[in-house]
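Annotation source TrEMBL lists domain 'EF-hand' at 88-123, 124-159. Positions annotated as coiled coil by TrEMBL: 193-227.
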Amino acid sequence: MASEELAQKLQRRLQLEESGAAAEDEAEAVKGAAAAGEVEERSCLTASAGAELSAKLCRRQDINEGAAQPRRAAVFNPYTEFKEFSRRQIKDMERMFRPYDSGRDGYIDLMELKLMMEKLGAPQTHLGLKNMIKEVDEDFDGKLSFREFLLIFHKAAAGELEEDSGLLTLAKLSEIDVSIEGVKGAKNFFEAKAQALSSASKFEAEIKAEQDERKREEEERKHRRAAFRELKSAFSQ
């Protein structure tokens, strides 16, 4: 009796082990089919899309899977990219840009541009503001970065803005001089090259002038501190 009961238990355990192994095999099969389907789906997407779209889809999938390599963001230097403007002009544009970037995110959005145009005395319609942004919005994010803001003055100086353009109105009312000879006046490559060299020399001269100005201010501060110490010692005697 005991041996018969033991035999039944052994047989039952053997059945359970066999069913468990079958379930594992089935799970592995499902997993393999899913992986194959995923590879097939990605291949289909890649085949049906263009090269650029395919790369974006693959990178997006890599990002989702945590396998994407970080990309280095290009550093924007207004002084080297917009050489037709002097350092003083670029700083003037920056001083104009910052107060209207009320969100302190490095951008002027639609409402901030609306306020800017109102302060300049040239209010625009909602559609007019959108068209203004659209003219220089290179990344299609619906707002103006500082680089795109500089493009307004670049286009104004180059005569690339229509007379009825809101951007031309902004450039004219900004009180920033953008009558740059190098943009409109260079008739050929050699004149443009000479103008670029002239701009570079002017750029270096402006840097030196700023450095001299800082040294002069520092010297004045030293003299004031020395005079204050002398005055203080005279009263303390």
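Every residue number used here counts from 1 along the chain in the order it is shown.
Backbone N, Cα and C atoms are what each Cβ position is placed from, and that goes for glycine too.
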Contact set, same chain, for the domain 'EF-hand' (124-159): CB under 8 Å, 6 or more residues outside the stretch:
76, 78, 81-82, 84-85, 89-90, 93-94, 97, 106-110, 113-114, 117, 165-168, 170-172, 174, 176, 178-180, 183-184
What does the DSSP secondary structure composition of the domain 'EF-hand' (124-159) look like, as residue counts for helix, strand and coil?
23 helix, 2 strand, 11 coil
Looking only at the domain 'EF-hand' (88-123), what is the model's average confidence as pLDDT?
94
